[in-house]
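Worksheet: one structure, shown below.
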Ligand SMILES: Cc1ncc(COP(=O)(O)O)c(C=O)c1O
């Protein structure tokens, strides 16, 4: 099939995938792959989950789209459910992670302008990834996503991730800061996990300074780390949390949730989206949340992730080029002491889908519905590849 009519944003594709079921994908030649990527942390319930497929099919025959000029009952129900599982108070729906973060950044600016700040500024982290729109790539901490798109959007200052001590000095030097935007675990940045008390210390700091604490849970949300949102491991409530990827198990949808002083920042006319929260996307997300709850998939994400990590730890013990194996729930990183992008192709050849990020970190984002046997198969394919890997 020719791809010449597509802009070349993704380079060469590794395979043409035409079917998915559970933790498995099939290419056009009928080859089967075990999926340890879930479409980049999207299909936590696996592919073609019957409850989600049924909900989408049913809604498609009732009403797909009508715009936000009208009330949408299942959008209201989804917002209520999201508030219940998160402890947050109100929700704005968009279509992607970057859009959810755009809403958060706009809310920070509204908050700062209300406070009378001249140049409302958001504190963001080194190595962060928040998306590819102009504001979110400017907030990201990677030159790779920014290069060529200058001038960047202003109104961001940067701090080292997982470092509380630097914050007072940064705050003293910039009186325009009104919010912190941070990922609880840096996913694209290499599965970098903050220390246990990082978020609670950020919460305390933001309260002292009257800043908004805004968490980007686009990747960590929707059960991936074993709680519905990752901040629930630390027992805090942020002012703003954004999510997307796993929310609709493959149906495009994003959400920006607010609580406390952020709850009513957005008012009529401030923000909008033609598709955001349309009936079809909301039907998929409602079915996804229900399945996570009914099938106990938060606990399952923890069990699957721990099984994979402990399997890899025992198989790779003493392997010199393996620097670290870390993760939380079904968000796992295996850091090597050298670039390892070519492992992706090697794994594909063996029928396994993985990802390599931050040059030298193998990222695994398996679906939570993986069976114990599938988790063991993953380890049995991947560990020998890593062991034998000595060049890129
Ligand atoms: C933490 C985080 N924020 C934002 C995004 C952007 O999401 P999207 O690609 O849906 O715009 C991503 C995507 O990888 C992400 O991991």
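From the backbone N, Cα and C atoms, a Cβ is placed for every residue, glycine too.
All annotation found in TrEMBL is predicted automatically rather than curated by experts.
According to DSSP, residue 218 (pyridoxal 5'-phosphate binding site) sits in a coil region rather than a helix or strand. For residue 218 (pyridoxal 5'-phosphate binding site), applying a Cβ distance below 8 Å and a minimum sequence separation of six or more within one chain yields 97, 100, 101, 130, 131, 183, 242, 243, 244, 245, 254. Taken from TrEMBL, the feature pyridoxal 5'-phosphate binding site applies to 97, 98, 129, 216, 217, 218, 219, 274.
Annotation for residue 273 (N(2)-acetyl-L-ornithine binding site): spatial neighbours 68, 93, 94, 95, 99, criterion Cβ-Cβ under 8 Å with sequence separation of six or more. According to DSSP, residue 273 (N(2)-acetyl-L-ornithine binding site) is assigned to coil rather than to any helix or strand. What TrEMBL lists as N(2)-acetyl-L-ornithine binding site is 132, 273.
All protein chains included, residue 245 (N6-(pyridoxal phosphate)lysine) registers 29 other Cβ atoms within 10 Å of its own Cβ. Feature annotation from TrEMBL assigns N6-(pyridoxal phosphate)lysine to 245.
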* How far apart, in Å, are the two Cα atoms that lie farthest from each other among 97, 98, 129, 216, 217, 218, 219, 274, the residues recorded as binding pyridoxal 5'-phosphate? -> 25
* When the Cβ positions of the binding-site residues 129, 217, 219, 273, 274 are compared with the atoms of ligand 1, which fall under 6 Å? -> 129, 219
* Asked: Does residue 274 (pyridoxal 5'-phosphate binding site) have same-chain partners at least 6 apart in sequence with Cβ under 8 Å from its own Cβ, and which are they?
  -> 67, 68
* So what sits near residue 217 (pyridoxal 5'-phosphate binding site) in its own chain, CB-to-CB under 8 Å and at least six residues off in sequence? -> 183, 184, 229, 230, 231, 241, 242, 243
* To do: Fill in the CA-CA distance, residue 216 (pyridoxal 5'-phosphate binding site) to residue 132 (N(2)-acetyl-L-ornithine binding site), as an integer in Å.
  => 14
